[in-house]
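If you check TrEMBL, you get these features:
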- 22, 85, 124, 458: (6S)-5-formyl-5,6,7,8-tetrahydrofolate binding site (BINDING)
- 230, 249, 251, 254: K(+) binding site (BINDING)
- 230-235, 249-255, 274-277: GTP binding site (BINDING)
- 234, 255: Mg(2+) binding site (BINDING)
- 220-379: domain 'TrmE-type G' (DOMAIN)
Ligand SMILES: Nc1nc2c(c(=O)[nH]1)N(C=O)[C@@H](CNc1ccc(C(=O)N[C@@H](CCC(=O)O)C(=O)O)cc1)CN2
Ligand SMILES: Nc1nc2c(ncn2[C@@H]2O[C@H](COP(=O)(O)OP(=O)(O)OP(=O)(O)O)[C@@H](O)[C@H]2O)c(=O)[nH]1
Ligand SMILES: [Mg+2]
């Protein structure tokens, strides 16, 4: 059933001061009234008011918890249905028992994402806004959260709607011509269509261009720190994260596995990967670590190759300099505080002129240069979040690509003089693809699949 009354625990499980159970549906108030004892019946109170009382087991009448209950009446609610939120004491027992009591009154346990799905089905938000809610919950950095919040406010939807409007106008123009060919406005129409398509295509390309930045803002730049054992990779990781998560010792081969940590470097979110020092080794555990380092290297968006300022280049260093060809790489030369033994010119030649940052993690000299270099590398200047819409969702990117292809087909078709009703079909397909971004005309199973990614209670 689509409009039965549902409930779920909306807060994370575990010890906490308060936990919230959310109830939504037309019977939310009457159902909660069966287990709630307070001054007034909830069915009689005003919308958007909070009430003190107790939750009782409906069978035994035993007190389960002391609570505050918030009543919000349709349609001014998250789901656009009647909503009751019960604030229980945190911890597992009171919340589970309250939910259990509620389920005895005919309320059904919600599926993951079902509250947000109802907000979508009831027209409060569109699909890209609903997807932004998932992104917000999963955001690992400030910037990622900001992108998600903007999308949840419908910023992307506004662009998509404007594009669809442009397409409809162009279609209208086409339709006149297709239906009344006797007007003989063919040539004028072709010109008009091509011009409109160029503008539409430009906007689609602009949105697609933001996708790469959007992905980075959401997931962080996967940044692998690689290098020979003992050069100071874990030390750099700790310095950038300002934590001592990675173990540092003067024993080569200290790090055995890839350690992941999210950091914010000058507003750029990095997913830092500290890896095991790469060398030939007999140690099985270390061998696996080295393998994983090489995998981290292959999947990295950015590689920080670390060398030692106070040692001559070694075979392993040279091998690594070969390996990083074709990867966006910054060469970090660590231990600048020690006497120089490395040959910078050789590195420059062997790396094909990659950027080199000498620094000392120990004295922190040069660390800020590295941070700046990372930032410049990815944004070539300033990141302006204020009027940018970032497309960050794989599904949206795919649909935008598809719309772009349809528009390109319209243009090349018209230019080659194919009948205008063919162009009309491609144009309609672009309109359809963009509609799917905001959830207009999408298949039901796709909607189910999207909402099933949510956590319970959302
Ligand atoms: N207790 C509680 N905190 C919460 C939520 C919640 O559901 N419950 N939210 C859940 O994610 C977020 C807030 N998001 C919300 C978004 C819309 C509406 C809502 O009721 N919208 C109505 C009425 C707006 C109004 O009165 O002006 C609407 O848009 O029609 C509520 C919460 C975060 N904090
Ligand atoms: N003098 C000096 N020593 C440093 C510097 N950075 C790190 N070290 C020291 O170098 C040693 C190795 O550092 P780690 O960070 O464990 O090196 P690693 O590259 O992670 O080593 P593996 O995990 O074995 O691959 C430690 O004793 C650090 O204290 C530096 O800038 N200057
Ligand atoms: Mg290490």
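Cβ from N, Cα, C; glycine included.
Because TrEMBL annotations are produced automatically, they should be read as predictions rather than curated entries.
Proximity of the binding-site residues 22, 85, 124, 230, 234 to ligand 2, judged by a Cβ distance under 6 angstroms to any of its atoms, singles out 230, 234 in sequence order. Filtering 22, 233, 234, 249, 255, 276 by Cβ distance to ligand 3 (under 6 A) retains the following binding-site residues: 233, 234, 255. Taking the Cα of residue 234 (Mg(2+) binding site) as the reference point, the closest of the binding-site residues 22, 85, 276, 458 is 276.
Listed in sequence order, the binding-site residues among 85, 234, 252, 254, 276, 458 whose CB lies under 6 angstroms from an atom of ligand 1 come out as 85. Closest by Cα distance to residue 233 (GTP binding site), from the binding-site residues 22, 249, 458, is 249. A straight line from the CA of residue 249 (K(+) binding site) to the CA of residue 85 ((6S)-5-formyl-5,6,7,8-tetrahydrofolate binding site) spans 52 Å. Taking Cα separation as the measure, residue 252 (GTP binding site) is nearest to 230 of the binding-site residues 22, 85, 124, 230.
Of all the binding-site residues given, namely 22, 85, 124, 251, 254, 458, those whose Cα is no farther than the 10 Å limit from the Cα of residue 276 (GTP binding site) are 254.
With all protein chains in the displayed structure included, the most crowded Cβ environment within 10 Å among the binding-site residues 251, 276 is that of 276. Within the set of binding-site residues (230, 234, 249, 254, 255), the lowest number of other Cβ atoms found within 10 Å of a Cβ is recorded at 249. Here the domain 'TrmE-type G' (220-379) has a mean pLDDT of 88 out of 100.
When Cα-Cα distances from residue 230 (K(+) binding site) are compared across the binding-site residues 124, 255, 458, the shortest belongs to 255. Comparing the Cα of residue 85 ((6S)-5-formyl-5,6,7,8-tetrahydrofolate binding site) with the Cα of every entry in 251, 254, 255, these being the binding-site residues, the smallest distance points to 255.
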